[in-house]
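Asks: Pasting a structure here, questions to come.
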Amino acid sequence: MAADNAYLMQFVDETSFYNRIVLSHLLPANLWEPLPHFLQTWLRNYLAGTLLYFISGFLWCFYIYYLKINVYLPKDAIPTIKAMRLQMFVAMKAMPWYTLLPTVSESMIERGWTKCFASIGEFGWILYFVYIAIYLVFVEFGIYWMHRELHDIKPLYKYLHATHHIYNKQNTLSPFAGLAFHPVDGILQAVPHVIALFIVPIHFTTHIGLLFMEAIWTANIHDCIHGNIWPVMGAGYHTIHHTTYKHNYGHYTIWMDWMFGSLRDPLLEEDDNKDSFKKAE
């Protein structure tokens, strides 16, 4: 038992270290040090998530909409400031709830309820990468079906997912739309990351990093720029999802859509649009 407690303390020490790093640079000590460990962790996740959302979003928008204007997107496809402000407002209302999920997952890990491990040396590098691959496949499968059911189950779409799908044209989508969800919707789509903890051994620090990478990834797939990197589910695929509502539910890759018959290729979409335009002429 003492050995188990000593092992679990590695997780507590690591989260406490992250709390100090973030909170000590953003808040006076008297505001956060008296808080219980759980609330410190939530506050750290909330502040870090908010900073990541705005910094990545602003840098992304500045680059593609201003430095590279008319390079990646035509000027008339750039979303309005008003649309981006609305996306920020929706995301900020949900952010306190979004960041509760990683806080709860860290708490479960600290209590030893999951298969998380503290050091890569416990399994070695080969198994580390094998477990990451299994973890990501599980997450991909889980997010695909969670996302698809949020469309197929009408009450879930009406009361949850429709909040995100008001951005249904290229000139209304921006990197800031990536987290503009109803909070319950956003949490449901991230739940596979937490369920995976009980099934697949995963390195603790890697799990935290993958959760926060979601903010970067969701910004990327809402910028409407088709990178055309197989088998990545990039923004070209996701833009089709926002316009057809019934294709490209996948997350990182196109594999789940390919397996379950919901894939629509943006290059084929362009060809179809060109053919339709020629017929109209």
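For all residues, glycine too, the Cβ spot is worked out from N, Cα and C.
According to Swiss-Prot, the protein has these features:
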| type | residues | note |
| --- | --- | --- |
| TRANSMEM | 46-66 | transmembrane segment |
| TRANSMEM | 123-143 | transmembrane segment |
| DOMAIN | 133-262 | domain 'Fatty acid hydroxylase' |
| MOTIF | 147-151 | motif 'Histidine box-1' |
| MOTIF | 161-165 | motif 'Histidine box-2' |
| TRANSMEM | 193-213 | transmembrane segment |
| MOTIF | 238-242 | motif 'Histidine box-3' |
Asks: Provide the three-state DSSP residue tally for the motif 'Histidine box-1' (147-151): helix first, then strand, then coil.
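Replies: Once the DSSP states are binned, the motif 'Histidine box-1' (147-151) shows 5 helix, 0 strand, 0 coil.
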Asks: Can you work out the mean pLDDT of the predicted model over the motif 'Histidine box-3' (238-242)?
Replies: 91
Asks: Treating G and I as helix alongside H, and B as strand alongside E, what does DSSP give for the motif 'Histidine box-3' (238-242) in helix, strand and coil?
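Replies: Taking the motif 'Histidine box-3' (238-242) as a whole: 5 helix, 0 strand, 0 coil.
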